[in-house]
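Asker: Below are the features listed in Swiss-Prot for this protein:
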TOPO_DOM  1-514  topological domain 'Extracellular'
CARBOHYD  Asn8  N-linked glycosylation site
CARBOHYD  Asn22  N-linked glycosylation site
CARBOHYD  Asn38  N-linked glycosylation site
DISULFID  Cys52-Cys277  disulfide bond
DISULFID  Cys64-Cys76  disulfide bond
DISULFID  Cys97-Cys139  disulfide bond
CARBOHYD  Asn165  N-linked glycosylation site
DISULFID  Cys281-Cys305  disulfide bond
CARBOHYD  Asn285  N-linked glycosylation site
DISULFID  Cys473-Cys477  disulfide bond
CARBOHYD  Asn483  N-linked glycosylation site
TRANSMEM  515-535  transmembrane segment
TOPO_DOM  536-550  topological domain 'Cytoplasmic'
LIPID     Cys539  S-palmitoyl cysteine
LIPID     Cys546  S-palmitoyl cysteine
LIPID     Cys549  S-palmitoyl cysteine
Amino acid sequence: QDLPGNDNSTATLCLGHHAVPNGTIVKTITDDQIEVTNATELVQSSSTGKICNNPHKILDGRDCTLIDALLGDPHCDVFQDETWDLFVERGNAFSSCYPYDVPDYASLRSLVASSGTLEFITEGFTWTGVTQNGGSSACKRGPASGFFSRLNWLTKSGSTYPVLNVTMPNNDNFDKLYIWGVHHPSTNQEQTNLYVQASGRVTVSTRRSQQTIIPNIGSRPWVRGQSGRISIYWTIVKPGDVLVINSNGNLIAPRGYFKMRTGKSSIMRSDAPIDTCVSECITPNGSIPNDKPFQNVNKITYGACPKYVKQNSLKLATGMRNVPEKQTRGLFGAIAGFIENGWEGMIDGWYGFRHQNSEGTGQAADLKSTQAAIDQINGKLNRVIKKTNEKFHQIEKEFSEVEGRIQDLEKYVEDTKIDLWSYNADVLVALENQHTIDLTDSEMNKLFEKTRRQLRENAEDMGNGCFKIYHKCDNACIESIRNGTYDHDIYRDEALNNRFQIKGVELKSGYKDWILWISFAISCFLLCVVLLGFIMWACQRGNIRCNICI
């Protein structure tokens with residue numbers, strides 16, 4: 001008699017998930033190396049090598065520094081009244097005017113850079129009793145000696161240099177930036193030749209601040225034929241405040257003011273070429289895409305940029321745990337469901353069914369559970385980017401030599417921030433990966449439990465992700481299980497009958513083994529009894545003597 005399990009009265013249904021031959025290794029909270037079917041790289045590690053001029057307005061400084069453009073160096077006149085989102089200073093920038101220094105260079109550079117404009121308004125300062133528009137052979141404007149266009153070099157008139165006292169109120173509703181300077185002659189002779197007094201003095205004040213500078217006369221290294229220097233200073237005058245300038249010599253006077261603006265403009269040193277392209281994020285190495293949450297191209301950035309981290313690679317799992325299919329198995333030879341391994345070749349879904357019935361074998365994806373997993377995973381990358389992308393710029397820090405300790409402290413703080421963000425990135429990605437794997441495992445379990453609840457006593461869990469269905473289940477029946485319309489009551493009697501027949505036959509087949517074992521045991525027992533009886537009989541007849549020695 002044929003077993004019911006071996007004819008067309010039963011079917012097998014397995015549930016499984018997608019797998020690939022070679023997955024991607026990711027890190028989770030509980031495992032440093034776990035293989036998944038798919039993962040997305042989160043660290044941008046290369047730039048385009050060029051700076052894109054859109055959507056940010058890029059101003060190429062060419063051979064001018066921002067401060068030279070601010071002061072009005074003759075070869076930087078093209079930058080007058082320019083505006084920018086990002087001013088790019090080049091490595092070949094140089095000065096071509098009277099040698100100068102800015103005691104608070106970094107602050108002035110940062111202030112002007114963030115303002116994003118060199119808009120200049122000339123004002124009518126009155127300088128009585130002195131000669132204006134001084135020039136130098138170190139600052140040629142064409143063939144003639146010249147000077148910074150935004151500054152006015154005042155010298156003696158005849159043999160006198162009177163005390164100057166000039167006021168300029170700010171009657172506007174915006175801040176005004178005044179640039180002025182103090183000339184340090186190289187010799188006492190030069191001092192008296194230019195300013196009469198043996199020692200000058202310059203005081204610039206507002207209601208909020210006051211600066212008094214006394215020239216430091218002395219020879220310095222020769223630069224462009226000059227051993228004297230000019231020190232550049234700056235003063236911000238708030239609305240309603242007044243600028244007061246008092247001097248008896250050595251004054252490099254302002255010609256007007258720069259209109260200050262507040263914004264997100266900045267400055268960056270870079271030798272990358274500027275090209276016509278679109279990129280939200282700019283680094284000194286060039287523009288980089290901002291579709292990843294992290295980057296390790298450069299610490300210095302401008303725009304909406306990924307967060308800088310030390311890692312070269314961080315992979316976000318965008319697929320499920322990968323368990324490659326055992327290639328030695330056939331479709332339904334000895335294969336198992338998801339508990340043992342995944343299935344390769346499922347191109348239309350992440351989860352699905354394989355079946356074997358009277359009509360043959362087949363496979364189909366479960367789109368609902370697949371879509372549920374995909375919907376939750378798709379938002380992960382955007383959420384990570386939202387958490388990490390900076391909508392502001394990280395400017396480069398500059399300090400003078402005397403501020404070495406501050407520079408060291410700043411470097412320590414920046415390095416610590418990078419270390420913290422690198423650690424945070426590791427933890428964040430590991431947590432997201434753990435959640436993804438748990439999520440995809442959960443969807444598989446949900447589908448399995450949903451199928452179990454439908455089949456009830458009509459099928460038996462085989463323990464490997466498959467069900468043995470104890471009734472005839474054609475393709476239409478299999479489809480009803482997949483789409484959730486299966487009615488177990490229709491097949492209940494048939495399933496119970498087949499189950500009892502199969503179990504009964506299996507039980508009868510099992511009795512043969514028990515009978516064999518029991519028969520063998522009884523035979524051994526009887527043999528022992530006969531042997532013992534023979535020995536006792538022989539002892540009584542005297543044919544066998546047994547001596548016991550103590």
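Each residue, glycine too, has its Cβ placed from N, Cα and C.
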Asker: Relative to the Cα of Cys305 (disulfide bond), which of the recorded positions Cys52, Cys76, Cys97, Asn285, Cys539 have a Cα no more than 10 Å away?
Answerer: none
Asker: Highest CB neighbour count within 10 A among the recorded positions Cys64, Cys76, Cys139, Cys539?
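Answerer: When each Cβ's neighbours within 10 Å are tallied, Cys76 leads.
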Asker: Taking the Cβ of Asn285 (N-linked glycosylation site) as the centre, how many other Cβ atoms fall within a 10 Å radius?
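Answerer: Excluding its own Cβ, Asn285 (N-linked glycosylation site) sees 18 Cβ atoms within 10 Å.
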Asker: How many whole Å apart are the CA atoms of Asn483 (N-linked glycosylation site) and Cys277 (disulfide bond)?
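Answerer: Counting only the Cα atoms, the answer is 50 Å.
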Asker: Measure from the Cα of Cys281 (disulfide bond) to the Cα of every one of the recorded positions Asn8, Asn38, Cys52, Cys139, Cys477, then give the nearest.
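Answerer: Looking at Cα distances from Cys281 (disulfide bond), the smallest one goes to Cys52.
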Asker: May I ask for the distance between Cys477 (disulfide bond) and Cys97 (disulfide bond), taken between their Cα atoms and rounded to an integer number of Å?
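Answerer: On Cα coordinates alone, these residues lie 91 Å apart.
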Asker: Considering every residue in the topological domain 'Extracellular' (1-514), what is the mean pLDDT value?
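Answerer: 87, rounded to a whole number.
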Asker: Fewest other Cβ atoms within 10 Å: which of the disulfide-bonded residues Cys97, Cys277, Cys477 wins that one? Let me know.
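Answerer: Fewest other Cβ atoms within 10 Å, among the disulfide-bonded residues Cys97, Cys277, Cys477, is found for Cys277.
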Asker: So for Cys52 (disulfide bond), how many other CB atoms are inside 10 Å of its CB?
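Answerer: Step by step: centre on the Cβ of Cys52 (disulfide bond), count other Cβ atoms within 10 Å, giving 21.
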Asker: Could you check which of the recorded positions (Asn38, Cys97, Cys139, Asn285, Cys539) sits closest to Asn8 (N-linked glycosylation site), going Cα to Cα?
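Answerer: Closest by Cα distance to Asn8 (N-linked glycosylation site) among the recorded positions Asn38, Cys97, Cys139, Asn285, Cys539: Asn38.
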Asker: Count the other Cβ atoms sitting within 10 Å of the Cβ of Asn38 (N-linked glycosylation site), across every protein chain shown.
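Answerer: I count 18 other Cβ atoms within 10 Å of it.
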Asker: Could you find out if DSSP has Cys76 (disulfide bond) as helix, strand or coil?
Answerer: helix
Asker: Cys97 (disulfide bond): which of the recorded positions Cys64, Cys277, Asn285, Cys539 is the nearest Cα neighbour?
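Answerer: Of the recorded positions Cys64, Cys277, Asn285, Cys539, Cys64 has its Cα closest to that of Cys97 (disulfide bond).
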